[in-house]
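Residues or ranges marked as transmembrane segment by TrEMBL: 267-286, 382-402, 477-500, 507-526, 532-551, 563-596, 660-679, 686-709, 721-740, 761-780, 1023-1043. Taken from TrEMBL, the feature region 'Disordered' covers 348-372.
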Amino acid sequence: MRDRPRVPVADLTVLLLTHPGGPVALQTLDALSLQDRHPSRVVLTGLDPNDPEIAETRAHPLIADDGVELLVREPLRDSEGGPAPLWQVIEDARDGLPTEPGHWLWILHDDSQPEPDALAHLIEATRRSSGVGIVGPKLVRADDPRRLVSVGHHLTRGGRVVDAHVARELDQGQHDERVDVIGAPLPGLLVRSDVLAQVGGIDKAFGDGAEGLDLSWRSHLAGHRVVLAPDAIVRQAENGHPQPTLTTRRRVRQVALARGSWWASPWRALGILFTSVLAGLGLLLVKRPSQAAAEFADSGAVLAPWRGVGARWRFRGRRRVRRRDLAALFAPGSSGWHGTQDTFHGALTNPRTPPTTSALETGPVSEEAESLEPAPSRFRSVWSWPLVIAVLVGTVVSVVRWRELWPALSGSSDGVRGGEIYPVTAGAAQVWHSWADPWTGSGLGSAAETSPWLLPMAGLTWLVELLPWVDSSQSPAAVTVTWILFAAIPLSVLTGYVAARTALTSRWARAATGLVWAGMAPLSVAVDEGRLGPVVAHVAMPLLVAGVVVAGSRRQGALRTSATFATVLLAALVGLFVPAVLVLTSIGGLLVVAFGPGWGRLRGLLLAVLPWALTGPWLREVADDPRVVLCGAGSGAVGTPGADAWQMLLLHPGGGLSPTLWWTVPLLLLALAAAMRTGHRGRRAAALLCGAVIGLIGALAAPLLQAGVVPAGHGASGDPVTAWSGTFLSLTAACVLLAAAQAVELPKRQGRASWQRPVGAVLTGVVAVAGLGTLAWAAVSGVGPQLAAAERAYPAVVHAQADGPEALRILDLSVTDDVVTYRLEGREPGLWVRDRVGEVVHAADGVDEAAAPGRVALSEAVVLLTDAGGTSESDVAHQALLDLAVGYVGLRADPEDPLVAALDATTALSRVTSTDDVLLWRVGGAGDEDALVPPARVRLLDGTDTPLTAVTVEGAHAVLRTTAEAGDATSVVISEEAGWADVAEVRASGTVLEPVTGQWPLSYPVSPGAAGQLQIELPPREVTWWMVTAGLAALVAFLALPFGTPRRRTP
C-alpha cells in the first residue's frame, strides 16, 4: 500500500469524559496545563450545567487564563433512565466539532493523568509515521506508575489476547519496541476527527472495554495506520479503564469475528467454540475455575452472532484495505495458548513450595526482583527412594509369604479359594451384570439386592483384563481378588507412608511407618481367611484417619479441602466393601463438627454426610434394615468371638496366635507418650487415641451385635452371625500408629528434660524393630492353610457349553453320609466372596424363594433323579431337567454309590468324561427324533409343545437379541424363575409379550412367524438415582484433585 501524507495536528480537541462518583475534572485539567501544547478546546461530558464543578472548571487557569475553549455536554440517559453507554456519549461530544483532516481528538477520562510530555510524544508519532489515523499511549496504573496497564492490543486473528500478563508487569521498557498495533484502549487515544467520521464513529455493538480495539481495527481496514507512542505515558485509574471482565473478553472475540473475512468467519467461530470448550474443561480439571470461566466466555461470542452481523453491516462499503494485508499485526495462533499452557504448568508443578535449602544473602536487591529457581514438581514431593525401598521390601515379603501359592498368582489361573472365598469363573462383564441387572445370582437367580462391592470389583476386574498376560477366557475376577490379597502388604506400605506425612517430615521415618503398618495382625489374619473387604479397609484405613485429621485442622486452604473430598471419595469406595467404614467415617466427621475449629467443622460435616450420599440406592436398603451396615465382602463371622479382649487390646483379631503378639506394646507406649506432649502434636495424638478407643469399643462390641443366626440346612446352623472385629481393630491400629508418629520427631526446645530425646529415640527404635519383626514373621509363616489354589469345578467342555449359545446349567449333586445336597450352576457367577451377615439379613426373602415354582421344580427333579423309579419316572425326570435347562448332571460321591447306577439308568442321561472329583452325565435333547433340540435357556415350541429350536442366548439370565428360524412356533419357553418375568422385557418382532399366568417354565405365546425376531432385556433399576450419584461422585472426584496452590505441609 503506497504511503499516505502525514497529517499535522493543526487543531486539537480534548474529550474529557466524566463518570458518576469519579474524581473531579480539575485533576485532568492540571495535567493538561502542564503539556507542551495546549488544546484548542475541551469538551466536558457527563456534568449537569448546575453542577458546582462546572464553575470550578471555568475558573481553572487553563480555561480562564490560557483561553482554551470549554464546551459542556449535558448527561445523557438511556431508555431506562440510566447512564448512557460510552459510544453514545462520545458521539454526542463530537457533534458539531470540525471533521477536517487537521483536527484531532484526544480522548481522556476524569481519572486520566497524562505525563507532561505525553501529548508531545503523541504528536511526534503522527509526524514520524505516514498515514497515521490513531496514536495510542502507554497506560500505567495511577496509584503505581511502575505497573503497566496496557501497551496496545496484541492478539491473534481469532481474538485471543496473548499479552494479558502485561497488566501485571513492571514497566521496564520491555514493550517499547511496539509501533504498529492492531489496536489500543480508548483512554489516552489520539484520533483524527476525519478518520473517526469515516469509519462511522464508535460502534454501539462493542462496549465493555472493546471500543478502542474495534475503532482501531476499522481504521486499519479504512486505510489508516494505528501506531503506539510508548514514550507517551498516561496514568489511568479503573474508572476510565476497568479491569477486563468476561464480557470484555467476549467482546474482543466478537470484534475479531465481525472485522475478519466474512467467508472465514463461520470456520473461525467453530474453532473458537471448540478450543474454548476444550481449554475450559482442561482448566476445570486442574482446578482453575476463573481461567476456565474466561475460556467458556469465548463460546458466548460464538453463540451470540447477531451483534457482529450488525456491526459488519454498518461498516459495509468503508473498507479500503484487504484483510490479509493486516496479517503482520496479529500474533501467531499458537501464541494464544501460551497463557493456558502456563496455567496448566503452574497447576501441575507446585510453584510456591519453597526450596529445601536457603541461599546465602547476596546483598540488597529490588523488592520487585523474583527468583528464577524452578520449584520442585508435585511428583518429586511424593516420590522418594525410602518409599521405593519400603514398597520393594513389602513386595518381597508378599512374594515370600505366598511361596506356596505362586501358581495361583498367574494371569491364566483360577485364583484362590478357601476361607470366605469360593471359586468363580467370571470376567468384568459378568461381574458388572451381577451388580447392575435386576435379576442376578447363579442357577435360577433372584431379584434380591446385589452386593454393593460388586461395582468397584467390576471396574478392577476390567482393568485386570486389559493386561496382556491375563487370560480373559479363564477367570479375571478370581485373579483380581487374588492379586488384591497378594498386594495388600505393599499397598499398606504405600498408604502408611502417605498417611505419615501428616506427622513426619523424615522420609525414612515415613517408610518405617509404612512397613510397621503392613505388618499389623488385622491384615495378616484377613488375608489368611480370604476376607476381601477387611483387607481393602485395612489398606485404606491410614488414609481415612489422616483425612479426618486434616479435615479437623485449624487451617484452611485448597489442599485441605481437596484432602477432605478425597477422604469422602475413599470412604465411599471402601464403604461399598465394608459398610461399617461409613459408620466410622461419620463418627469421625461428627467429632470434628463438635470439637473442630472454624472451617474444620464444615469439612467434618462433609465427612459425616457425603460418603452416604455416594452409595446411591443402597442407602434405601440401610433405611429399611440397619443391619446391612454390618455386611460386607468377607466381613462376617460365625460362632463365638475369635479373640479375647486382651488380645484385641494388643491389636490381634483372633486366629492363630503368633510369637509377635506382644510386640505391639512398644507402639502403644509410644502413642501414650505422644499424647503427653505439649502443643498441637500432643493434642493431635490425644485425639487420635480417642479414635483408637472408638475402634477398640467397636471391636469388642462386634461379637455382641448379632445380625441373626445361620439358617437351617446350612453348616453351623443356629450359630450367631456377627461382624468381624478385625475391621474395627484396623481403625484402632491406624490411630495408634499415627499417634505414635507424633512423638518421633522431637524438636530442640529450652526447658525440655535432657532424657526425653534419648528415651524417645530408643522407644521409636524399639517400635520400628518390633514392627519389622512382625512383618518378617508374616513372611516366614506364610499364608494360612485356609487358602489354596482354586481349580475348575468341571471339565473345560462343560464350562464352554455353559457359556455357549444354549447357556446350559449344571445340576451338581453331592452325597455325604447318605444325604444328597444339590445346587444349580450356570454361566452367571454365584457366591464367590461370602457375606454372612447379608445372607442372614436376606434370609426372609430366601424363604419366599424356596416356594417359588422354579425352585420347587428343581427340588422335585432332584427327588426324581435320586429315587429309583421306572421308565415313566425317568421320562418325567428328563423333562424336568429340560425345563431347568440342565445340560449336565454332576455327582460328587463314591463310584460305588447306588446313585451312580440310578443315574446311568435314567432316560436321556449319558455318561461323559469325568474328573477325579465329579462324575458327569450329559442330558439329551427332546423333540422329533430327526431334529432333537438340546437343553437350552430359551426354546421355541409349536402348538403341541414340541421343541422346534434352541434360541441363542447372549447375556446373563436369558438376555438376547437374535434372529431365529421361527417355523410354526407358537410360544417362547424361558427357563428362569417365575419372578424373572416381573423384571424382564420379552419382545417378538417389536411386540411386548406377556407370560401365561401361573405356568412354569415361563411360556410366552407368540403369533406365527413373529418369533423370528426375538429380544429379551433386563432393564436396569434406579437409573435416575444412579446417574445423579455418578454426577455427584464426579464432582467430588474433581474437588478431590490435588491441583491448586499447594503450600508446604506442616506436620
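Placement of Cβ uses the backbone N, Cα and C atoms for every residue, glycine included.
Packing against the transmembrane segment (1023-1043) from elsewhere in the chain are residues 284-288, 347-348, 378, 559, 561-563, 565-566, 568-569, 572, 610, 613-617: each is 6 or more residues past its ends and has a CB under 8 Å from a CB in it. Listed as Cβ neighbours of the transmembrane segment (721-740) (distance under 8 Å, sequence separation of 6 or more from its ends, same chain) are residues 496, 499-500, 502-503, 513, 516-517, 520-523, 525-526, 531, 533-534, 537-538, 541-542, 544-546, 549, 578, 580-581, 584, 630, 632, 634-638, 641-643, 648, 651-654, 667-668, 670-671, 674-675, 684-686, 688-689, 691-696, 698-700, 702-710, 767, 836-837, 839-840. The largest share of C-beta pairs under 8 angstroms with the transmembrane segment (507-526) comes from 761-780, of the ranges 267-286, 382-402, 532-551, 563-596, 761-780.
The transmembrane segment (563-596) is in contact with the transmembrane segment (532-551), judged by 3+ CB-CB distances under 8 Å for residue pairs 6 or more apart in sequence.
Away from its own ends, the transmembrane segment (382-402) comes close to residues 408-409, 486-490, 492-494, 497-498, 507-508, 510-512, 514-515, 518, 775-776, 778-783 of its chain (Cβ-Cβ under 8 Å, at least six residues beyond either end). Within the same chain, residues 420-421, 453, 481, 484-485, 488, 491-492, 495-496, 498-502, 517, 520, 522-523, 526, 560, 563-564, 566-567, 570-571, 573-574, 577-578, 581, 584-585, 588-589, 592, 596, 600, 603-604, 606-607, 632-635, 684, 687-688, 691, 724, 726-727, 730-731, 733-735, 737-738, 833 sit at least 6 positions outside the transmembrane segment (532-551) and bring their C-beta atoms closer than 8 Å to a C-beta of that stretch.
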